[in-house]
Amino acid sequence: MASMDNNRDEEEPFVAAAASVDNSETLRNHTKDVHILSSAFLLIFLAYGAAQNLETTLNTKDDMGTISLGILYVSFTFFSLIASSVVRFMGSKNAVLLGTSGYWLFIAANLKPIWYTMVPASLYLGFAASIIWVGQGTYLTSTARSQARDYHLHEGTVIGNFNGEFWGMFASHQFVGNLISLAILRNGTALEGSTSGTTLLFTVFLCSMTLVITPLLDVRMLLIIPLIAYSGLQQAFVWAEFTKEIVTPALGVSGVGGSMAVYGAFDAICSLTAGRLTSGIFSITWIVSAGLFLQAVVFLWILLKYSLTSGVLGIVYPLLMAAMLGIGDGVINTQLSALLGILFKHDTEGAFAQLKVWQSASIAVVFFINPYISLQVMVAIMLAALFVAAGGFLVLSLRIEKAFSSPS
């Protein structure tokens, strides 16, 4: 079943378009997608190829450029061992999109090339490169086979033609990218200690990649991603901050178990209840809004009013917060899964892969920054993320409502 779903994913247009009952539109999409895929890789690699050529020349301090590239290709080698499994799980289009983010971040890291930016960016790019190339090969071959089947053409000929166009476009990235590099750095400012030339160069390259990413994004997923990321942030906040900064000072270490039991109980009850109340986008909107509101109340309470209290209230307050946070978590996770299932019927595996990617990444962020920031700063970050997530989700709901209300 997973294989069949992925085949459908790989035969769909690379850039989402309105559904059409005209079969000729579907046939034309096979060739158009090769043009889009080839152009996308040209824009990605004209930036990355030129940046890679300059890496050992510009970032010479402590051989940072050389070591960064070494780390990148070791990471690439390691992740290539598991890339096919990742692409099967995500779908080839999602793999190409996620892979693009690694190249974007690597170029961005070069705007401030220090060890703390270059090493993580190189490690991540190794992973991104492994899945983007497996995704590219899988998608291109699947599309060629679909074209041959639909038009009754020789499969080997179509595969050869599609690969010829792709690799012809790809090979020109060295020519185009290095001409851009030559034009911007022609006065040699980068070698004279000035950063203005390289800053402009990498900014141009970032813009080039952004032109690739924008049309590939499904607007619906783009609007859901902030909510997905927030769902991970709020979970990590409970595990890393709430237990340490709120529960332990009030209830002691032994109280962590009790407060988290309350959190888990309300989480479970509300997950079951929210699931039974879900009937479509309208109900999901109201349920998610209620969950976000409860968690916003907790964060504002901590930020503006909460202080350690003795007596009964000192025990009740952390448990009440735990219950409210648990309600929010149960609501958000249940409704996110329902929402993805409703909106992405033809790419369910890819949608849920995105869910885990963004959730895991946001959880990791909280654990990494936790030792370096105060509770107040963390709560402010949570509130900001919550409002961004709520805004994106409401825009999505309005778009869907408008689509349903528009005359067919």
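Each residue, glycine too, has its Cβ placed from N, Cα and C.
Small disclaimer: the values here were computed from a predicted structure and weren't measured.
Noted in TrEMBL for the protein shown:
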- 34-51: transmembrane segment (TRANSMEM)
- 71-89: transmembrane segment (TRANSMEM)
- 96-115: transmembrane segment (TRANSMEM)
- 121-141: transmembrane segment (TRANSMEM)
- 197-214: transmembrane segment (TRANSMEM)
- 221-240: transmembrane segment (TRANSMEM)
- 246-269: transmembrane segment (TRANSMEM)
- 281-303: transmembrane segment (TRANSMEM)
- 315-343: transmembrane segment (TRANSMEM)
- 379-398: transmembrane segment (TRANSMEM)
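Here the transmembrane segment (221-240) sits against the transmembrane segment (379-398); at least 3 CB pairs are under 8 Å, leaving out pairs fewer than 6 apart in sequence.
For the transmembrane segment (246-269), the most Cβ-contacting stretch among 121-141, 197-214, 281-303, 315-343 is 315-343 (pairs under 8 Å). Spatially, the transmembrane segment (281-303) is adjacent to the transmembrane segment (379-398); three or more Cβ-Cβ distances between them are under 8 Å for residues at least 6 apart in sequence. Here the transmembrane segment (197-214) lies next to the transmembrane segment (34-51) in space: the count of CB pairs under 8 Å, restricted to residues six or more apart, reaches at least 3.
With a threshold of 8 Å between CB atoms, the same-chain residues lying at least 6 positions outside the transmembrane segment (315-343) that come near it are 220, 224, 227-228, 230-231, 234-235, 238, 242, 246-247, 250-251, 255, 258-260, 262-271, 274-275, 278, 280-281, 284, 287-288, 290-292, 294-295, 297-298, 301-302, 306, 309, 351-352, 355, 400. Highest Cβ pair count under 8 Å relative to the transmembrane segment (96-115), across stretches 34-51, 71-89, 121-141: 121-141.
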